[in-house]
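As C-alpha cells, the structure follows; a few thoughts come after it.
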Amino acid sequence: MADHAPQSTDSTLDTTPTLRLTEMFYSLQGETRTVGLPTVFVRLTGCPLRCVYCDTEYAFSGGEIFTLDHIAAKVAEWQPRYVTVTGGEPLAQPNCLPLLIRLCDAGYEVSLETGGAMPLAGVDPRVVTVLDLKTPASGEMSRNDYANIPLLKPHDQVKFVICDRADYEWMRFKLEEYQLATRVAEVLLSPSHGQLSGRELAEWILEDNLPVRMQLQLHKILWNDEPGH
Ligand code: SF4
C-alpha cells in the first residue's frame, strides 16, 4: 500500500460497504483519451486474469480494506477533475459499482479500466469505460466476455495491447467484426512494453490507415512504471 494512501478502517464493526485497495494516488493519466491530465487513481486489489505482460502484479493480492466513505473522502482531498478506478480488475469486487456511482455523484469525470472478463452490466452510464480486449498473445483471450460489446456507450473506449503481428491481425478482425471505431469514442492500441516497438506498430497503423489512436504509456516514460504513478 502506498504510504500516501488513507488509513485503514476496521470493516468488521459494521456493514458499511468496503473495498480492498492496493493504492490511491494523484498523477498524470498515462493512457486513454485523457492522457496527460491530472487524475486521481483508485487501484483495487485482485484480478482473475494473468496476462503475460501484466505490469500491476503487485495488485493481485494484499492491499487494505477501506470503507467507501473513506475512499470518497480521500479522493475529495485531491480536488480532482478526473478519477480513474483501476486494478487489478476493479469489477472483480462488487462494491466497485457503488463506488463508481458515488464518484459520479460527486461530479468527477470518472473512468473505469477493466480487462473485459467481468460483466459491464451495472456500471453507471456516466462512467467512461476503457475496455481492454485481450489478444491471443496476452494468454487470456479466452476470458474476453463479448456480451460486454453491446453494452459499450458512445463515450467509452476499447483498448488492445499488441504483442506481435498476429495480435495486430486479430485486432483488425475484431475492429471490423464489432465495428468498434464507430461504436465507441476511441480505439486505443498500445505496443506491449518490451515485446513490440512503438515505431513498428505505428508503421502498421499507417500502412492500413486504421481509425485508431496509438498510445505510449506516459507514466512509464516519466516514472519508469513505479507504483504510485
Ligand atoms: S487484466 Fe490487467 S491486471 Fe489483470 S492480469 Fe491482465 S493486465 Fe494484469
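Here the Cβ of each residue, glycine as well, is placed from N, Cα and C on the backbone.
Database features (TrEMBL):
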- Leu28, Gln29, Gly30, Arg43, Thr86: substrate binding site (BINDING)
- 34-229: domain 'Radical SAM core' (DOMAIN)
- Cys47, Cys51, Cys54: [4Fe-4S] cluster binding site (BINDING)
- Tyr53, Cys54, Asp55, Gly88: S-adenosyl-L-methionine binding site (BINDING)
- Thr56: Mg(2+) binding site (BINDING)
Counting distance between Cα atoms, which of the binding-site residues Cys47, Tyr53, Gly88 is nearest Gln29 (substrate binding site)?
-> Gly88
Tyr53, Cys54, Asp55, Gly88 excluded, remaining Cβ within 8 Å of their centroid (S-adenosyl-L-methionine) | Cys47, Cys51, Thr56, Glu57
Do any of the binding-site residues Gln29, Arg43, Gly88 touch ligand 1, in the sense that the CB is under 6 Å from one of its atoms?
-> Gly88
Rounded Cα separation (Å) that holds between Thr56 (Mg(2+) binding site) and Leu28 (substrate binding site) = 17
Excluding Cys47, Cys51, Cys54 themselves, which residues in that chain have a Cβ inside 8 Å of the centre of the Cβ atoms defining the [4Fe-4S] cluster site?
-> Leu49, Arg50, Tyr53, Thr56, Glu57, Phe60, Gly88, Glu89, Gly115, Glu140
Taking only the Cα atoms, work out how far Cys54 ([4Fe-4S] cluster binding site) lies from Gly30 (substrate binding site), in Å, as a whole number.
-> 16
Whole-number Å only: compute the distance from the Cα of Tyr53 (S-adenosyl-L-methionine binding site) to the Cα of Arg43 (substrate binding site).
-> 18
Proximal residue to Thr86 (substrate binding site) among binding-site residues Cys47, Cys51, Asp55 (C-alpha distance) = Cys47
Expressed in Å to no decimal places, the gap between the Cα atoms of Gly30 (substrate binding site) and Gly88 (S-adenosyl-L-methionine binding site) is 16
Candidates Cys47, Cys51, Asp55 (binding-site residues); nearest Cα to Leu28 (substrate binding site) turns out to be Asp55
